[in-house]
Amino acid sequence: MAHQHATAAAGRGGGSMEIVPYSYSSGRDLELELPPFDVKRQDSLYRDATMPAHAGHHGQESWVRTLRLAFQCVGILYADLGTSPLYVYANTFKYGVKHEDDVLGVLSIIIYSFILFTMIKIVFIALYANDDGDGGTFALYSLISRYAKVCLIPNQQAEDELVSRYKHRGKPSATLRRAQWIKNLLETSKAAKISLFFLTILATALAISDSMLTPPISVLAAVNGLKLRAPHLTTDAMVWITVAILVVFFSVQRFGTDKIGYTFAPVVFVWLLLISGIGIYNTVKYDISTLKAFNAKYIIDYFRRNKKKGWVSLGEILLCFTGTEALFADLGYFSIRSIQLSFTFSLLPSVLLTYIGQAAYLRKHMDRPDIIPNIFFESIPTSLFWPTFVLALITSVIGSQAMVSCAFATMSHLQALNCFPRVKILHTSRRYSGQLYSPEVNIFLCIAACVVTISFRTTGFIAKAHEICVVLVMVITTLLMTIVMLLVWKVNIWWIAIFFVVFMSTESIYTAAVLYKFTHGPYVPVAMSAVLMFIMIVWHYVHVKRYKYELEHTVSRDEAKDLLERRDLKRVPGLGLFYTELVQGIPPIFPHLIEKIPTIHSVIVFITVKNLPVPHVDVMERFLFRQVEPKEFMVFRCVARYGYHDALETAGDFVKILVEYLQYYVRDLNLYGVGGDEPLKIVFHSARVDSFSWERKPSGHAIYAEEMLTPAQSFSELTMHPVSMSSRLAHFQTGKMNLEEMLKIEEDQKIIQREVDNGVVYIIGESELVAKPHSNLLKKIIVNYVYSFLRKNSRNGEKMLYIPRGQLLKVGMTYEI
């Protein structure tokens, strides 16, 4: 005798479905009974939410893959941080060194700022606050939205709530109660939702602005080294050389981060080895006592001696960790372990040794203020100048890669949350789905970087603009990280307090120093960010208004039935896919279509492509189906769920997958959801299970097809393990099964396939949005002009969905919002 017990969970409610223990032996009947149950869906959302924060698609990586990614990290992430020694001292001491210990004070600030903000905060804390392997400010927002309903668009479904592992089954604790309080605050306070959204898009806009500034300052700083060997070169010549290099750099982005990483990594690796070697050489040759800067007392002495000027200089000193946020934002390209490994053993020692070596050289040559503008190249041994210059130029070019990659990833997030006009997003690597490229964004960044270079002309002015982007993103990351610790991690309150106090206090000092110089350059990225934020706010505001309008004007069940039963309504062959943004109900544009053209296809499926706040959704959990009454009209609702890093299939591939899972749904609908309120009882005859019968028991609840484990995973597949009966059940072998129900399944599936063969038509609602006549002037300008302009100049919906023009039908309607 053998025994088997299984428990499965699916769809709606918090209960469980239990397959009770059964036994079998030769000549005996095997009885398997389903007791009353509510089902809960075990899908990718549930698995994502129940994984550790650092798990996901990077969780079980091999060391070979880790080393390969660590090697790529050097080329993609660290070139920006690795080229910061080109301009940090030059901008900090642009007015000369007043006291020899000022060099030690600045060096000490650099050492501890780099360790505190880059190593501790980002590499060893923030990377673990990832969204299933994806990092950055938007990933933090997505992670928070999985644990609290902070989204401003009311399209959450019961199935989506399963992504949260917040449902704690243990004993109540102070930590859990605190997390519950934070959750309630975020969900019930509109001000809290708007503030969280505002901070997120501000950080996003600043990151994109930073992507415009990083290439000019990095490349221009390297090109300026030519003045030591070619003093006849003018500033205009330097600027145009920089512009030419930037154009070449952005033109190769289309080849993908994967290829760029392998191409650039050896160069950056050699660069880090070279500058660390030069740093050791300068330290030993000029002033070994520079190592005293590891004593933090020199920081106190520096501020005591320089007072306000010392505080203001923090704006230039923070340039030493520009590119730090890209480590977090570009996590989707790599993995936590690969970043930590390459950072600790490659970047950290190389950069610190370079700063120490430069400080030793500067202390020795304090009497020569003319060397400060090019202090990095001045400190290079003469015999190594040209190799160092060439490597510096190449590394500064690819130092922009981290921020450019960050901009592509950020734009993907914005698209998923409907916060920006539609642009083309391409996946450049089949192996690593987080590696993205956007042609429109790339062209925009290229033009902006060239304009900044031509306009500013010097690294000093660009540096001032660069500072505010860095420091504000740091502050916002700290705020969102604190919420994650309270809501998601639920760690001890004292650890949260230490994190918040330490980082917020130090970052506030840096922020104040940067804002003090606001009129000297920081207004440029603020202006850029303001424009981007305005676009994001307008687009998201109108999108929310449009969704609420359609939600308020959805077609009721009775109205839908009346529409489908109209005598003048004609059915034409084929499958009609009607795209809508509503996740529930029928959109108001459908009766508008029937009113103008009283004709619909033999099979209609209302499709909603929905992005969930997770990076990826498995195909088996992608589709949620419902059938619209009356059933004989073959009208269905479908929500196709994607993660914000999932690539949309082409229209043909999408239809194949959709039809496959629709067939499964029709099968399960007839098997488990055909009226009645009784649970199923399945009786198997003989150990060989050559036949079986099924019947209903009184009382209990019906099993609805949309509540099954997955569309493809029927009850028969749950019982396959003990006696290898999957093939028997899958083919519904002869026995006492209701023949009428079997024929009904076969008939409905044949109808669907026949209509697919007759042709597929994609129907998209092109609703024109206008403000209501009584709206105020500002709303009319935003909706009627700004949003209309943005929409006309963004990619059309059919292009984003890869719909062929020959099969496209657009339905126009005007919404007054």
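The backbone N, Cα and C atoms fix where each Cβ goes, glycine too.
For 69-559, the entry in TrEMBL reads domain 'K+ potassium transporter integral membrane'. Look at TrEMBL and you will find 103-129, 194-213, 233-252, 264-284, 311-329, 341-362, 383-404, 436-456, 468-487, 493-516, 523-542 tagged as transmembrane segment. Residues or ranges marked as domain 'K+ potassium transporter C-terminal' by TrEMBL: 573-817.
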Two-stretch contact, the transmembrane segment (264-284) and the transmembrane segment (341-362), at least three Cβ pairs under 8 Å: yes
CB contact flag for the transmembrane segment (383-404) and the transmembrane segment (311-329), at least three pairs under 8 A: yes
Proximity of the transmembrane segment (436-456) to the transmembrane segment (493-516), 3+ C-beta pairs under 8 angstroms: no
Stretch with greatest number of CB pairs under 8 Å, the transmembrane segment (523-542) reference, 311-329, 468-487, 493-516 candidates: 468-487
Seg_contact(the transmembrane segment (341-362), the transmembrane segment (103-129)) with at least 3 CB pairs under 8 angstroms, min sep 6: yes
Contact set, same chain, for the transmembrane segment (103-129): CB under 8 Å, 6 or more residues outside the stretch: 53-54, 81, 88-89, 92-93, 97, 135, 140, 143, 290, 292-296, 298-299, 301-303, 305-306, 310, 313-314, 317-318, 320-321, 324-325, 327-328, 331, 336, 339-340, 343-344, 348, 351-352, 355-356, 359, 362-363, 366, 474, 477-478, 481, 484-485, 488-489, 499, 502-503, 506-507
Confidence summary (mean pLDDT) of the domain 'K+ potassium transporter C-terminal' (573-817): 72
